[in-house]
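Contents: one structure, followed by commentary.
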Amino acid sequence: MGTRSALWSFANKFFTCGVIGVYVSDRFVGVAPVRGSSMSPTLNPGTTLMGLAIDDYVLVEKRCLQNYKFSHGDVVVFSSPSNHKERHIKRITALPGEWIGTRHSYDVLKIPEGHCWVEGDNSSSSLDSRSFGPIPLGLVQGRVTHIAWPPQRIGAVEKRTPQDTISSS
């Protein structure tokens, strides 16, 4: 009887912790891996451990999704507009109602309501709004606040914006 009771108690606590963990990661904060070099040098600057490249892991704050409160320079995680199974991490450079002009073309575009313009910090290897246009805010899954791994890179993610691309309506 004692073993059965202890096993039941352990399973009950494990299940409770699992439910709380899922709730917290769904509503408040999660962790996401950073793949590729599109956000380098901010994320994945080429950190190595014993000769092996290490991907950054970041904390993703999700409370910003309640009212879609984003600002210029926020680094966000979003579902790809062309493949919902892919997640991208990019920096917001323009918000709804603003005009955006890309650095390498003469095109100027007004960002529609409910959308934003995102770009990677490393423009030469970034698949971003310059490729697929403004993204719906509904695809955004959260705001990146901190680098959580590797240990030597733990810290807040800097908020910055290229000044030559933004113009208010």
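Each residue, glycine too, has its Cβ placed from N, Cα and C.
TrEMBL annotations: computationally assigned, not manually curated.
Feature annotations, reproduced from TrEMBL:
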{"type": "DOMAIN", "residues": "10-102", "note": "domain 'Peptidase S26'"}
{"type": "ACT_SITE", "residues": "Ser38", "note": "active site"}
{"type": "ACT_SITE", "residues": "Lys90", "note": "active site"}
{"type": "DOMAIN", "residues": "110-149", "note": "domain 'Peptidase S26'"}
Distal contacts, the domain 'Peptidase S26' (110-149) - CB-CB under 8 A, six or more residues away: 30-32, 36-43, 54, 56-62, 64-65, 68, 70, 74-82, 87-100, 102-104, 155-157, 162, 165, 169
Cβ neighbour count within 10 Å of Lys90 (active site): 24
Rounded Cα-Cα span from Lys90 (active site) to Ser38 (active site), Å: 8
The domain 'Peptidase S26' (110-149): DSSP-derived helix, strand, coil residue counts: 10 helix, 18 strand, 12 coil
Surrounding CB atoms that lie within 10 Å of the CB of Ser38 (active site), all protein chains: 23
